[in-house]
Every structure is written in C-alpha cells, then in structure tokens.
Amino acid sequence: MRLELLVVLLVGLAALAPSGSTCCKTEPPRCETEPPRCETEPPRCETEPPRCETEPPRCETTTPKCETTPPTCRTEPPTCKTEPPTCRTEPPTCKTKPPTCRTEPPTCRTEPPTCKTKPPTCKTEPPTCKTEPPTCRTEPPTCKTEPPTCRTEPPTCKTEPPTCKTEPPTCKTEPPCEKHCTKRIKRHRTKRTKRSKSTKKIVHHHNRPGTTPESGCGCGSKNESGGGGSGCILKDLLTPKCPDSKPKPQASPKCKSDPKPKAASKTTSKPKPKACDSGKKNTTKKPRKTQPQKGGC
C-alpha cells in the first residue's frame, strides 16, 4: 500500500511540472521492492526432563550371631532310704484301734542351681561373643530322719448298759370332714359352645368313713351348709355302707374320681341331680331351641 501511494505522488508531480521547459524525459524510477518475507518459525523447545537415577543406598547390616549354649545343671535326686518302723504291741484283751505311728517325712532341701550367664556383648564386624562358663553349685542334700516314737497306752474299755426309754407315740390324726377332687374333662367343642365353656370342672365329694350324710359331712356341694340334701339319696344308695364302722385315725380318705356318680347322673331324671351340682355352673344359660320334627309326630 505504501509503494502504490508513492507511485501516485510521483505521477502527480510530473503532471504539474511546466511543459515549456527542456525536454527531459525522466522515467519514473521503478522501485521494485518486494515486501520482506518474515517467516518466523516458532521456537522448538525440546527440553527433556532430567533423568535423576538415584539408586537407594544398599545398607547391608548383618545381624551378629550370638550362640549362647544353655548351662547344663544336673541335680541328682537325693536317695533317702528310711526303714519302716517296727512297732510290736501285744494284743490287748479289749478291742482297741490300731496304734497310729506318725513318721515325719524326711526334709530334703535341695537349693536350686544358680547359673549366672552375663548378656553377650556383640560388636559389629565380626561379633565377639564372650560367655563365661556357668558356675553350678549343688550342695549335697542333708537328710535327717529321726526314729519314730510309738507310744501305745493300754486301752480303757468302759461299757455302760444302754438305757432305752421308749414312750408310746401319741398319734392324733383326725381325717378332714370333706375333700373335693377336681377333675377337668374336655367337651367336644362345637360351633355353638364358646372357648371358655369347652372345659367343665367336675367336683367329686367323698364322705368321711363311718359318717352319714345326716351328720353334716355329707355329699353336699361347697355352697350348701350341711350337705345331705335330697340329691344325696342316690349317692348313698350307690356307695356301700359298713355296719358298725368306726373312724380309723391313721388312714386319711383318698380322693379318687368315682365313675359311678357320673353314670348315675346320666340315667336319672333331670330335676334330681341339680341339688348336688356345684354352684359354679352358669344358671343363666339359655335353653337350646328345639327344632320342629318333620312329619306328623
């Protein structure tokens, strides 16, 4: 762009010059100036990272080998021979216990060997281990056994006649008036019966031996005062009566479930056994509805 402007200025100056002057043909200078070619290549900075190869120092420290042999201390066991004591005692006329001869055991004291080994001093390259020889001192055992002294005094036998005082025992055993044996019988559960009414508690009453229902200890229920009501007639007929029977003090009545009153309650009519029933039954139970029979009956 600058070269073109210079050429235009030179042409303009030549045109303005006076034409009547000498004929000087001045050709315009040809300035062929090529623009400089600046080829600047980017610098190639190839810097390799420094390779620092530092080997770790090899520190080889050999451990000193200190071989210390353990001291061999042999202590022979003491041989203490003690003859058994000969105690001869004449057999006495009375039976006496055999004499007790106490022989004290021999006291053999063996002191433990004192083996003192100093710790080895190991110096590097080469190790010098100095171990002093062990000094084992074993004193001979001193066994002192005194002869046993057996003293047997003549036995004194005193036998007094035994005094046996045996008083006749006073046995006062009154059997209880009445015992109730409870036994649970599971009913067959149906849709109508509830879970709480599936088990029925049956109370069995037992008479005192030798008593009758009239005396007050009958087969009445817990709620009844004296028992022996009209419902006990069937029970008295079923239980066997012993003529002129007296109460035995040593035997108490046992509670066993008698199957006879249960069988009698099924065969008898409904209003009679209600007197002997326990008071725990639900009296407000609604009667079941009887379905009408099909047919003319």
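Note that Cβ sites are derived from N, Cα and C of the backbone, with glycine treated the same way.
Bear in mind that the values here come from a model prediction, so they are computed numbers and not experimental data.
Summarising the annotation, Swiss-Prot assigns signal peptide to 1-21 and lists sequence analysis as the type of evidence.
Taken from Swiss-Prot, the feature repeat '1' covers 26-32. Using DSSP to sort the residues of the repeat '1' (26-32) gives these counts of helix, strand and coil: 0 helix, 0 strand, 7 coil.
Under the heading region '22 X 7 AA approximate tandem repeats of T-[ETK]-[PT]-P-[RKT]-C-[ERK]', Swiss-Prot lists 26-179.
As annotated by Swiss-Prot, region 'Disordered' applies to 26-84 (among others).
The compositional bias 'Basic and acidic residues' annotation in Swiss-Prot covers 27-58. Only residues 6 or more beyond the boundaries of the compositional bias 'Basic and acidic residues' (27-58), in the same chain, are considered here, and those with a CB under 8 A from a CB of the stretch are 3, 6-7, 10-11, 14.
What Swiss-Prot lists as compositional bias 'Low complexity' is 59-84 (among others).
The repeat '8' annotation in Swiss-Prot covers 75-81.
What Swiss-Prot lists as repeat '10' is 89-95. For the repeat '10' (89-95), the model's average pLDDT works out to 62.
According to Swiss-Prot, the feature repeat '11' maps to 96-102.
Per Swiss-Prot, the feature repeat '12' maps to 103-109.
Per Swiss-Prot, repeat '14' is recorded for 117-123.
For 124-130, the entry in Swiss-Prot reads repeat '15'.
Marked as repeat '16' by Swiss-Prot: 131-137.
Marked as repeat '17' by Swiss-Prot: 138-144.
For 141-174 (among others), the entry in Swiss-Prot reads compositional bias 'Low complexity'.
Annotation comment: Swiss-Prot describes 141-218 (among others) as region 'Disordered'.
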